[in-house]
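Lifted from Swiss-Prot, the feature list:
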type	residues	note
ZN_FING	19-37	zinc finger
BINDING	Cys19, Cys22, Cys34, Cys37	Zn(2+) binding site
Amino acid sequence: MKGTPSFGKMNKGGSHIRCRRCGRNSYNPTKHKCAACGFGKSKRITRYSWKTKKVNGVRLK
């Protein structure tokens, strides 16, 4: 897939699938890395306070 006609095919489906390490729907199969836990990029799970959603006013751990 190369060139201008192929750009029309990029809107089908999502860009992220379920990650097999953290279970969240944030693994990018094109980049081979998870946006949530960093699977495929680092061996350690990346955790940031600004990256987790608040549930009942308390941040997820």
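For all residues, glycine too, the Cβ spot is worked out from N, Cα and C.
Everything Swiss-Prot records as a feature, shown here on the structure.
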residue : record              : CB count, 10 Å
Cys19   : Zn(2+) binding site : 20
Cys22   : Zn(2+) binding site : 17
Cys34   : Zn(2+) binding site : 25
Cys37   : Zn(2+) binding site : 21
Averaged pLDDT score, the zinc finger (19-37): 93
For the zinc finger (19-37), sequence-distant contacts whose Cβ falls under 8 Å of one of its Cβ atoms, 6 or more beyond its ends: 45-46, 51
Helix, strand or coil at Cys19 (Zn(2+) binding site) [DSSP, three-state]: coil
Cβ-based neighbourhood (8 Å from the centroid) of the Zn(2+) site, residues Cys19, Cys22, Cys34, Cys37 excluded: Arg20, Arg21, Gly23, Arg24, Ser26, Tyr27, Ala35, Ala36, Gly38, Phe39, Ile45
